[in-house]
Amino acid sequence: MAAAAGRSAWLAAWGGRLRRGLAAGRRAVPTRGPLAAAVAGVALAGAGAAWHHGRVKAAAREGSRTVSAQKNYLGPIEKLSLRKQRFMQFSSLEHDGEYYMTPRDFLFSVMFEQVERKTLVKKLAKKDIEDVLSGIQTARCGSTFFRDLGDKGVISYTEYLFLLTILTKPHSGFHVAFKMLDVDGNEMIERKEFVRLQKIISKQDGFKTVKTNETEYQDPTVKEPGVNTTLQVRFFGKRGEKKLHYKEFRRFVENLQTEVQEMEFLQFSKGLNFMRKEDFAEWLLFFTNTENKDIYWRNVREKLSVGESISLDEFKSFCHFTTHLEDFAIAMQTFSLAHRPVRLAEFKRAVKVATGQELSDNLLDTVFKIFDLDGDECLSHGEFLGVLKNRMHRGLWVSQQQSVQEYWKCVKKESIKGVKEAWRQQAGKGPF
């Protein structure tokens with residue numbers, strides 16, 4: 001109870017600082033633009049859009065060598081997957097030809113589609129990276145971990161994919177992959193096994209490549225970072241001597257999901273400790289380019305009452321639901337095959353089956369009013385799922401025909417490969 005009150009006070013205080021830095025006003029049809037960028041900039045750094053500009057000046061004062069990222073990747077970037085493009089756009093560090101993100105870069109990458117003003121990429125020597133990582137082991141390991149680190153961290157592309165997947169999947173699959181690599185049965189893995197875990201979980205993450213008229217370009221082979229990274233130091237220490245227990249890993253997953261949820265809540269609530277329903281609609285539709293978007297916004301204007309809001313707890317419960325979209329989609333197939341519309345009671349039951357939890361009537365009523373395309377008080381669930389997938393994948397999702405069973409089948413296959421390799425290294429030759 002005391003912890004909840006403390007968090008509410010912290011959010012309220014932070015929200016107060018945000019409100020003082022923002023202009024009042026309501027948008028009839030919200031759009032992604034400079035205001036949204038300014039809001040989240042203030043939320044992250046307390047200085048709004050000036051953060052990017054200030055970082056460039058600070059780098060110049062320190063005499064650090066910088067290189068322009070655009071010169072290195074703008075040419076072939078169209079041939080990269082959506083996720084690689086996003087990584088390259090937001091990464092701000094470079095070492096030995098490889099690009100890296102800071103924790104702040106990662107938070108920005110999941111909140112925005114693009115960088116409005118790309119700063120120069122800072123080129124680091126190995127000693128510089130060691131200095132950047134020096135404070136990780138003493139940082140608080142709660143739901144403000146990435147915010148507390150700010151620019152004091154290094155995230156590789158492999159880890160970026162891994163972190164994205166954590167934000168879109170339930171915990172159960174991670175436990176399966178973790179146990180498959182735990183050859184000793186003590187729910188603990190070493191650093192080299194964690195590298196395999198990242199690849200396994202990221203193997204089928206829904207962030208597919210961009211398709212062109214000619215071919216489908218694949219990401220280049222992901223190289224292992226030649227330096228320590230934030231996650232490696234956090235889990236295994238600077239020298240990699242520690243082991244990672246599943247309970248600690250699960251706490252990290254839960255804290256990361258909570259941190260991003262709180263960041264997005266503050267971004268779209270404009271720093272308040274509640275989110276207006278029209279703000280919630282803006283969050284839902286932020287990464288969506290569906291042809292029915294105008295209808296959704298008409299529903300927001302005509303069906304949602306002024307002054308109604310969504311609490312932080314309600315927002316978190318909805319985000320928890322979105323990590324179970326595959327299970328929810330299976331429940332919805334019953335209605336699709338029967339060509340039946342989905343009514344409120346049926347939707348509520350499907351959510352409970354998929355997640356084991358219930359959404360509040362306030363949330364359900366809001367969702368139904370937004371996604372009722374025909375005015376029949378039923379949910380257009382097919383397009384609703386597409387909107388949610390785009391929202392949770394931050395605009396990086398490409399529609400594909402893959403069931404949840406196929407996803408975990410692939411995870412199991414990759415896990416078995418990791419087990420075989422672990423046995424070979426442990427026993428000299430594998431028993432398979």
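Just so you know, glycine gets a Cβ as well, placed from its N, Cα and C.
Per Swiss-Prot, the features are:
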type    : residues                           : note
BINDING : D182, D184, N186, M188, E190, E193 : Ca(2+) 1 binding site
DOMAIN  : 169-204                            : domain 'EF-hand 1'
DOMAIN  : 359-394                            : domain 'EF-hand 4'
MOD_RES : S202                               : phosphoserine
TRANSIT : 1-22                               : transit peptide
Assigned element (helix, strand, coil) containing E190 (Ca(2+) 1 binding site), judged by DSSP: coil
The domain 'EF-hand 4' (359-394): DSSP-derived helix, strand, coil residue counts: 22 helix, 1 strand, 13 coil
Other CB atoms, at most 10 A from the CB of E193 (Ca(2+) 1 binding site): 21
Residues close to Ca(2+) 1 site centre defined by D182, D184, N186, M188, E190, E193, Cβ within 8 Å: L181, V183, E187, I189, K243
